[in-house]
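> Please see the structure below; I have some questions.
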């Protein structure tokens with residue numbers, strides 16, 4: 001950690017921890033509030049951009065973008081934690097986490113495992129890493145603080161949206 005103020009690094013750690021918890025809830029548990037809501041599905045696709053993103057003969061660009069967006073914060077946070085690490089190591093870490101999620105879904109039959117998801121998640125993390133590098137050039141030492149504040153605000157907004165969505169659908 002390159003930050004001089006330990007409170008800043010702890011704040012980012014909290015934001016990153018909440019992000020990881022939301023990521024697990026999203027990918028592995030599909031935002032289920034009860035175990036019986038988790039789908040029991042085991043499928044595997046090892047052909048990139050094949051059936052997984054094609055619906056009714058059309059490519060589902062939204063799924064590709066969503067898979068990238070969900071891992072973009074991972075690239076940002078890992079870069080803030082380890083700014084001096086090799087970029088390929090950060091990319092490898094993101095790929096490894098995505099692969100872990102896909103294998104876990106397959107083992108426990110809680111989702112369709114798809115190589116396309118691993119590729120898109122990794123691309124999202126790469127975008128996050130590049131975004132961090134750009135932010136670092138502009139804001140220098142303030143980059144970590146900006147990422148922490150932005151992450152906290154986005155998490156609060158996301159959780160509020162989830163709460164209102166669940167409440168509106170009588171899911172509590």
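Please read every residue number as a count from 1 along the shown chain.
Each Cβ is built from the backbone N, Cα and C atoms, and glycine gets one as well.
Sharing the feature lines straight out of TrEMBL:
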DOMAIN    16-133  domain 'VanZ-like'
TRANSMEM  12-33  transmembrane segment
TRANSMEM  64-82  transmembrane segment
TRANSMEM  91-112  transmembrane segment
TRANSMEM  118-135  transmembrane segment
TRANSMEM  147-168  transmembrane segment
> With DSSP, how much of the domain 'VanZ-like' (16-133) is helix, how much strand and how much coil, in residues?
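Each residue of the domain 'VanZ-like' (16-133) counted once, the result is 79 helix, 14 strand, 25 coil.
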> Are there residues at least 6 beyond the ends of the transmembrane segment (147-168) whose Cβ is under 8 Å from a Cβ of it, and what are they?
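For the transmembrane segment (147-168), the far contacts come to 8, 11-12, 15-16, 18-19, 22, 31, 33, 73, 76-77, 80, 132, 135.
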> Using a threshold of three or more Cβ pairs below 8 Å, and leaving out pairs closer than 6 in sequence, do the transmembrane segment (64-82) and the transmembrane segment (118-135) count as in contact?
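Yes, the transmembrane segment (118-135) and the transmembrane segment (64-82) are in contact.
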